């Protein structure tokens with residue numbers, strides 16, 4: 001039976017993001033009373049398809065599409081109020097009532113226009129200097145986390161006190177404008193139409209940033225909350241909570257393909273720190289894993305295929321899987337499933353179970369390859385090394401598995417899958433040591449195979 005009191009589930013991506021977490025979070029909220037975002041910012045994107053209608057979310061937790069479910073943005077999230085209200089207005093136009101159900105931690109650091117300007121200028125300076133781009137979304141996520149770690153960030157709670165906000169903003173602009181103009185040479189860069197209203201001569205201006213922040217303050221005040229307290233109280237009252245990770249494990253600042261990573265911890269352990277609950281409140285960790293691998297932007301990718309070449313398996317994955325980033329629209333690089341990578345993700349997340357997504361994309365491929373390990377400096381290793389430098393030197397070791405021609409689209413029972421599709425999934429379980437509890441066979445809520453429900457009591 002489904003637990004009726006106080007069972008909490010963490011959903012994390014196990015690859016480089018884009019694994020299909022949004023659909024599964026939406027599916028699981030049928031059994032939850034609250035959904036929590038605990039890290040990242042509006043650099044992450046989730047696409048939900050409900051009754052054939054696509055909805056893209058970047059900051060608002062995916063559970064907002066379920067009437068009556070409370071949604072929380074925890075202290076681990078860096079918040080662009082401008083982007084949040086763009087999203088709120090779009091959802092309200094679509095008929096989703098959410099302001100009374102959305103709670104935002106007062107401890108969230110704010111993303112402000114100078115953070116995005118720093119992001120853009122740094123990538124431009126790297127390119128100008130002949131260095132490889134990190135592949136950021138240019139939305140100010142990294143610089144906002146830098147201010148947090150340096151203990152100088154403006155936080156949501158500062159918006160309640162205009163004089164305090166103005167003083168801190170002046171201090172931050174003095175610092176960041178010096179970096180922009182003197183170190184990065186920002187006068188020479190084109191910052192685009194989004195940042196133009198806030199800038200002059202390569203510097204970010206005080207008044208437009210302050211005025212916009214004060215407008216947002218009035219709108220945010222009804223949603224500001226002590227999220228840590230509210231989550232703990234909800235748990236004590238028996239609510240089921242769902243903690244929604246953004247991006248993926250291999251983008252984690254500590255455990256990912258450093259330095260080609262994001263600026264936050266994407267692993268399950270951060271669900272506690274990023275929302276203000278104790279680790280004992282996290283009962284089940286669901287790892288979302290695409291049936292093949294994709295990656296957006298730069299960085300090592302051991303099993304990458306020639307996904308731009310027509311007629312190849314990689315091209316099949318790219319086109320059939322519609323592999324374009326939700327946030328940036330960039331094409332995702334595609335490759336074979338990497339079980340050695342998944343072993344690393346299982347280790348650092350403490351996965352309870354797996355959900356394999358986009359299995360249907362592999363329909364029609366005659367044969368599939370599974371990476372079981374790598375050759376690294378003449379030795380065989382069965383788990384992904386730490387950091388980009390070692391991963392770049394890895395040569396994948398593959399097993400070949402026969403594909404299937406029958407469609408898996410919309411299949412809702414495991415034993416109704418083609419035989420080779422079942423063998424493929426079972427081999428993933430064997431290599432990684434993590435049981436598969438769910439399989440997604442299409443983008444809609446109903447296109448799901450359930451073997452064990454994460455909210456099922458132990």
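Glycine is treated like the rest: Cβ placed from N, Cα and C.
Features as listed in Swiss-Prot:
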- 17-23, 45-47, 332, 358-360, 440-442: GTP binding site (BINDING)
- 18: active site, proton acceptor (ACT_SITE)
- 18, 19, 20, 21, 43, 44, 45, 46, 137, 151, 247, 262, 330: IMP binding site (BINDING)
- 18, 45: Mg(2+) binding site (BINDING)
- 46: active site, proton donor (ACT_SITE)
- 326, 327, 328, 329, 330, 331, 332: substrate binding site (BINDING)
Alpha-carbon distance [the residue listed as 'active site, proton acceptor'; residue 331 (substrate binding site)] in Å: 12
Least Cβ-crowded entry, counting other Cβ within 10 Å, from the binding-site residues listed as 43, 247, 331, 441: 331
From binding-site residues 247, 329, 330, 332, 359, the one whose Cα lies nearest the residue listed as 'active site, proton acceptor': 247
Residue, out of the binding-site residues 17, 20, 45, whose Cβ gathers the largest set of other Cβ atoms within 10 Å: 17
Candidate with sparsest Cβ neighbourhood (10 Å radius) among 329, 359, the listed binding-site residues: 329
Length of the line joining the Cα atoms of residue 17 (GTP binding site) and residue 43 (IMP binding site), in Å: 11
Secondary structure of residue 46 (active site, proton donor) (DSSP, helix/strand/coil): strand
DSSP three-state assignment (helix, strand or coil) for residue 17 (GTP binding site): coil
Among 23, 46, 330, 332, the one of these recorded positions whose Cβ has the fewest neighbouring Cβ atoms within 10 Å: 330
Per DSSP, three-state class assigned to residue 441 (GTP binding site): coil
Cβ packing number for residue 18 (active site, proton acceptor), 10 Å threshold: 29
Nearest-integer angstrom distance between the alpha carbons (Cα) of residue 20 (GTP binding site) and residue 43 (IMP binding site): 15
Separation of alpha carbons, residue 359 (GTP binding site) and residue 45 (IMP binding site) (Å): 21
Distance [Cα-Cα, Å, rounded] between residue 329 (substrate binding site) and residue 23 (GTP binding site): 19
Rounded Cα-Cα span from residue 23 (GTP binding site) to residue 46 (active site, proton donor), Å: 8
Among 43, 247, 330, 332, which are recorded as binding-site residues, the nearest neighbour of residue 23 (GTP binding site) by Cα: 247
